[in-house]
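For reference, the structure discussed in these notes is given below.
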Amino acid sequence: MEMAKSIMFGEDARRSMQKGVDILADTVKVTMGPKGRNVVLDKKFGAPLITNDGVTIAREIELEDAYENMGAQLVKEVATKTNDVAGDGTTTATLLAQAIIREGLKNVTGGANPMLVRRGIQMAVEEAVKGIKEISKPVEGKEDIARVAAISADDKEIGKLIADAMEKVGNEGVITVEESNTMGTELDVVEGMQFDRGYVSPYMVTDTEKMEASLDDAYILITDKKITNIQEILPVLEQIVQQGKRLLIISEDIEGEALATLVVNKLRGTFTCVAVKAPGFGDRRKEMLEDIATLTGGQVISEEIGRDLKDVTVDMLGRAESVKITKETTTIVNGKGNKKEIEDRVNQIKAQIEETTSEFDREKLQERLAKLAGGVAVIKVGAATETELKERKLRIEDALAATKAAVEEGIIPGGGTAYAMVIKEVEKLNSETHDIKLGIDIVKKSLEEPVRQIACNAGVEGSIVIEKVKHSEAGIGYDALNNEYVNMIKAGIVDPTKVSRSALQNAASVASTFLTTEAAIADIPEKNDTPMPGAPGMMDGMY
């Protein structure tokens, strides 16, 4: 049976939904700025989570009243979308959405046409975004990166850590965040290409204490076939033995007599050769082998391209300055591949990243790109307790996203200053149509909100601060941490352009659509009063 629905119209619908918007935004906005507080979230399992990450808080909010919940979910959409695009700035986005809805509803209630108001909002936001892009300046060097990260994470240490990581692996590199069981937070950088396959047999190690094998100036045989018969690779082995070099074999698998022969020779000390299985699966495996071949200047020996193992000569093998193999990983450092070919391969992967629609594929391509072009850095987060660890990890992930965004589109004065700076651009807009003008004014007013909130969270009167910032020269903003007015960029208080831009665009998009709501429909909750027969009150104690 279809559930009955309850329907609300016009003013009532908008008011109830606005209540939900306010509940969500008021919860999130206490975290804004350097003196913002945290919010604690109850978790069904384990310790509660303490965080100041807007989107993490927003995701937790579900309201009982269906209409209020609709409002809250709409604003949650703003936070999530901003998080997807820029990875940070979710609190700002939520705050802006609330401000636009609040100002907009005043006008719509007063009889303005919501469609025209929305038009005005869109015009003003376009103008503001243009203004933000004009004040934006590119990220220059490690200093800037450290600043962006430090502001986002509210922690100078983290800023330095991320800047170090970016410096080591370059903009193409991949930086991941992992939990560690130590107290401190540290950086681990893997130079060269690493994949997660280790030696096939522990007898192949060269250092029995560390249980790892390291091959200097090694040859690398790359194939997608299974090697069982030593005769297949004998010709090429003999050539390498004569040169006194070492060999790494990357193949689908190596077993039986072939494996036994290699191990026996290693133990006798005649020849050092380590075999590992090829990384990845299916098509991705082929691509990864191709990557390794490009990096080391070798060829993939595969029947698909008509190359057979017994025809392999030394010039088909890859070369690398050193290879390190542990039980779980293989790392190839300084492959001797042709620079131009590596560059072509990198560009090819970049093109695939642009085209792919699957998030999973994009991540895997990004990893391959990093291994070819930069390297991989791992930030290992440590803390005294689980609760603090989770909180730190969230902040580092946000800071990392902010840093990437800054590299892409540059930086602007932080602390809400950039929004205040573009108000005068919006003021230049004019419209003959009264209601469109109202939309423009709504945005003008909402752009003050971030500065107000940061001031308010620092215990200062927001109106005074915003007036002061608006009437100071460009680039002067309010430093809430030290309670003074400074040149934001010089003081190192910066935000990524992409984050600020996305926050405003997403907020305006959802908020202006919200204003055009004329009816809201929700399920009527069923009243389930009859307990099961024979078990009065039994159900109360159960979940």
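Using the three backbone atoms N, Cα and C, a Cβ is placed for every residue, glycine included.
Listed in Swiss-Prot:
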type: BINDING; residues: T31, M32, G33, P34, D88, G89, T90, T91, T92, G415, D479, A480, L481, D495; note: ATP binding site
C-beta crowding around G33 (ATP binding site), within 10 angstroms: 25
Those binding-site residues listed as D88, D479, and which of them has the most Cβ atoms within 10 Å of its own Cβ: D88
Largest inter-residue Cα distance among T31, M32, G33, P34, D88, G89, T90, T91, T92, G415, D479, A480, L481, D495 [record-listed ATP binders, Å]: 21
T90 (ATP binding site), number of other Cβ atoms within 10 Å: 30
DSSP-derived class (H/G/I helix, E/B strand, else coil) of D479 (ATP binding site): strand
Intrachain C-beta neighbours of L481 (ATP binding site), sequence separation six or more, cut-off 8 angstroms: P34, K35, A458
Fewest Cβ neighbours within 10 Å, where candidates are the binding-site residues T31, T92: T31
